[in-house]
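Comments concern the structure below.
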Amino acid sequence: MITYLTQELNMPLVQASNTLTNFGGTASFTPLIGALIADSFAGRFWTITVGSIIYELGLVSITLSAVLPSLRPPPCPTQQNCQEASTFQLWILYISLLLTSLGTGGIRPCVVTFAADQFGSDKVITGPSKKWNFFNWYYFSMGLATLTALTVVVYVQENVGWGWGLGIPTIAMIVSIIAFVIGSPLYKKIEPGGSPLIRLAQVIVAAFKKRKETAPENPKLLYQNKELDAAISLHGRLVHTDQYKWLDRAAVVTESESVSSNPPNLWRLVTVHRVEELKTIIRMLPIWAAGILLVTSSSHLHSFVIQQARTMDRHLSKSFEIPPASLSIFGILTTLSGLVLYERLFVPLARRFTGHPSGVTCLQRMGIGFVINIVATIVSSFIEIKRKSVAAHHNLLDDPKAIVPISVFWLVPQFCLHGIAEVFMSVGHLEFLYDQSPESMRSTAAALYWTAISMGNYIGTLLVSLVHKYTGENSNWLPDRNLNRGKLEYYYWLVSGIQVLNLIYYIICAYLYTYKPLEEVTEEEEEDGEFNGKKISEKGVELTVNETA
């Protein structure tokens, strides 16, 4: 898309990069809305279906803009003094991107959770000779899809035309919608448990109303109602924790309240499980927030790398050139192979030292990804210094269309490092949000993953705009047309520093984090009012629970 905007719509580089980053930010924010709709009343199946249809409308619109000459400005092969897209042409583009963003809101938060629902609560797919962690398997599937897009689709866009280049994904999306709907009778569909935001609000309001009450020392005296929580605790109820005890007041039964009514007034009295839902979300937020600045740092990197690649020697042979956007294939291939090696080599090896069933915890996995991402950004800066030194040696700094005699494969190491970081950071982040969130809020938790990306993209746009504005006209770090006269390596160093500070923040948050305790409910309930189960934490610790109901 960066190529389409700069080469077909004649947008300046910074405007094009900001447009795509804002589009990515919007597409990562709408999943929060879609998740709330799915968890509240629509369910995941129908949210995916409607979202896919809206997404398809966006694809049709942008395909038409590529096919009809009236929806594009005149070609500008020299990329100098180009006529930019008119207001009407830009509105067609923006409407297309907006539709795909809205459609994404129904797809992204629900597909991964809807798929995980099919495999039960352990999120592990078991076969005759394989045992894949579901989120690794899911991310591997997404990697294959991206690999196809970066090879087949990008090649068509560069060598056949943008009409077919955008038409192929449009056709593929129609096929996928039909296939998904036809499979409806086969799916396990979990009924929505009501608005999670209302439940969280009820806890806050109830705790505020009882702010003068004193919570009992014995948490067993707090209000519990198994039947009331049945729809939102299919795999177990949350166990009381000592953190944020101020919220426990929401579950204090006062003399004026009758617990015989089922349900009680939930704006005055809520169950322990619902209080713990809010506590769980509060505990997750600092870890989740660490992903925002990571996205801020990397939101524009791939756009700039594609522009770097366009100035480099991309020949594999005398007659074949690698499309600049297809360079991302090396990151995808690294991610795909890394996921296999992670399961087959890293997990068994790490398990020997840690004793953890998954080798490392989700938080440790994310931390490793943070470190690798910093290394990748530093490597990017040195490669840009090398590219510009070759351009200076051949007196090409003032020619934005010149091909610098340096192989585009110099860019491969940073793509590979980013691919390795994806194996650790992205998969670990998604698994953390799914595992640690209350089960009735998992679509919403998955949406938080995309919301972090959204906020990071918007902050990234602000960062790039500020850098572009305040680094001067003569020595601008991020020039509009001639990257050879820019200081892109300075921008890489800036975002590396931001990532280091973010890593320090993350380590502190991870050290202080308390994993969610869950009580698995057994089928057999004791006649004397007691039930037996297990208190499970994400770290794999199992403690016997014998709690009076």
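Heads up, residue numbers simply count up from 1 along the chain you see.
Positions of Cβ are set from backbone N, Cα and C atoms, glycine also.
TrEMBL does not curate its annotations; it predicts them automatically.
Sequence annotations record features per position, and here TrEMBL assigns transmembrane segment to 20-38 (among others). If one looks beyond the transmembrane segment (20-38) by at least 6 residues along the same chain, the residues whose Cβ comes under 8 Å of a Cβ in the stretch are 1-2, 5, 44, 47, 51, 97-98, 100-102, 104-110, 192, 195-197, 299-300, 303, 443-448, 450-458, 460-461, 464.
What TrEMBL lists as transmembrane segment is 45-71 (among others).
Here TrEMBL flags 91-116 (among others) as transmembrane segment.
According to TrEMBL, the transmembrane segment annotation covers 137-156 (among others).
Residues annotated as transmembrane segment in TrEMBL: 162-182 (among others). Residues 4, 8, 48-49, 52-53, 55-56, 59-60, 62-63, 66-67, 149, 152-154, 156 of the same chain lie 6+ residues outside the transmembrane segment (162-182) yet bring a C-beta within less than 8 angstroms of a C-beta in it.
If you look up TrEMBL, you'll see 284-305 (among others) marked as transmembrane segment.
The transmembrane segment annotation in TrEMBL covers 325-342 (among others).
Per TrEMBL, transmembrane segment is recorded for 363-383 (among others).
Residues annotated as transmembrane segment in TrEMBL: 403-425 (among others). Packing against the transmembrane segment (403-425) from elsewhere in the chain are residues 139, 291, 294, 298, 301, 305, 308-309, 311-314, 322, 324, 327-328, 330-335, 338-339, 342, 365-366, 368-370, 372-373, 375-377, 379-380, 383, 386-387, 390-391, 394, 396, 484: each is 6 or more residues past its ends and has a CB under 8 Å from a CB in it.
Annotation source TrEMBL lists transmembrane segment at 446-470 (among others).
Taken from TrEMBL, the feature transmembrane segment applies to 490-513 (among others).
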Best-contacting stretch, by C-beta pairs under 8 Å, relative to the transmembrane segment (446-470) and drawn from 45-71, 284-305, 325-342, 363-383, 490-513: 284-305
Chain residues in Cβ proximity to the transmembrane segment (284-305) (below 8 Å; excluding those fewer than six residues from its ends, i.e. six or more beyond): 2, 13, 16-17, 20-21, 24, 327-328, 363, 366, 370, 373, 377, 380, 411, 414-415, 418, 425, 429, 432-433, 436-437, 445, 448-449, 452-453, 455-457, 459-461, 463-464, 478, 483, 488, 491-492, 495-496, 498-499, 501-502, 505-506, 509-510, 513
Contact call for the transmembrane segment (325-342) and the transmembrane segment (363-383): at least 3 Cβ pairs under 8 Å, seq gap 6+: no
